[in-house]
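*Asks:* Below: one structure in structure tokens.
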Amino acid sequence: MDSLATSINQFALELSKKLAESAQGKNIFFSSWSISTSLTIVYLGAKGTTAAQMAQVLQFNRDQGVKCDPESEKKRKMEFNLSNSEEIHSDFQTLISEILKPNDDYLLKTANAIYGEKTYAFHNKYLEDMKTYFGAEPQPVNFVEASDQIRKDINSWVERQTEGKIQNLLPDDSVDSTTRMILVNALYFKGIWEHQFLVQNTTEKPFRINETTSKPVQMMFMKKKLHIFHIEKPKAVGLQLYYKSRDLSLLILLPEDINGLEQLEKAITYEKLNEWTSADMMELYEVQLHLPKFKLEDSYDLKSTLSSMGMSDAFSQSKADFSGMSSARNLFLSNVFHKAFVEINEQGTEAAAGSGSEIDIRIRVPSIEFNANHPFLFFIRHNKTNTILFYGRLCSP
């Protein structure tokens, strides 16, 4: 399961860099865990080159922490076999169960589904495996005659699954009579901070978008003993904010330089992120924390992004091989739509009632000011499994 979490986190960083290429100076927010899960449901039925490409993009066939020459790496990827694949699905079953454990301190809901043209019969083995490993099953629908109604039905289903926060996942004209298979996924999270911000301490402050431009934001403030970590290259400082019960954390990476975000994004790798955010690197400080309140909602049609990352065959009617899913010769993935929403406020993410427990560690610790008044990266992490659930870049609240 550890190697699967590593794969998901590596995929998160690779996807973030790819999305950043076409979103310079813009906010980014997505759930890498949700996208990985839903793509793996499709990977369950992929064969041949289609499966190999998907495994590569999802980082399944990468030796964790092992470096080798390009030729050896290429050979090893070709040898990625069925037993590895079955282990991945079994690990996903365990990981999903662990992450989605019922918890009174936060709400985490995921919505994953495949909608397939009803004239394409799915293999019983695929249906059984999908239910066993992912607790889901494909929905047979009539794209040929009722494509727009199906689009509306899918949107309604996702909206229900995410407490009304994810609306209109599939835009107008995104589904038509030629659609054969659509993968949809969304993740909803509502959590309360271990230490909540006092509303009366929130004031209007400038957020510096760059050296010449700033905008007024509602800046929250607290003074607490919190965990800080320092990054030497490029110069940045990180902070960990626990949610109640400490199962989940918000991790913030704040460049020292106002214009340092791009440099930090380019430098970040899974190995470095793991090192920076490890318990060994965390130090307890008396922190004067300034953090903007913000809402982010981002929608992505990931077809072109995932294709450019290396899994183009899955989207090709002539090349896609989903023979593990169905005997139909021209079954291919039409689109992968993803939408994620987050609200950071005094209580936590989303407006939530209740008071956070106060834990006061009565020891003398160094003090530091952490002023998130310029662009930064943030992650929401499931701590027990070390899995990144959400990745975000805040350039302008």
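Glycine too: its Cβ is placed from the backbone N, Cα and C atoms.
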*Asks:* Can you check which of 70-73, 74-77 Swiss-Prot lists as motif 'Nuclear localization signal'?
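*Replies:* Going through 70-73, 74-77 one by one, Swiss-Prot gives motif 'Nuclear localization signal' for 74-77.
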*Asks:* Can you check what DSSP calls Cys395 (disulfide bond), collapsed to helix, strand or coil?
*Replies:* coil
*Asks:* Output, ordered by sequence, the same-chain residues six or more apart from Cys395 (disulfide bond) with a CB under 8 Å from its CB, or 'none'.
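*Replies:* Spatial neighbours, sequence-distant, of Cys395 (disulfide bond): Gly25, Lys26, Asn27, Ile209, Leu261, Pro375.
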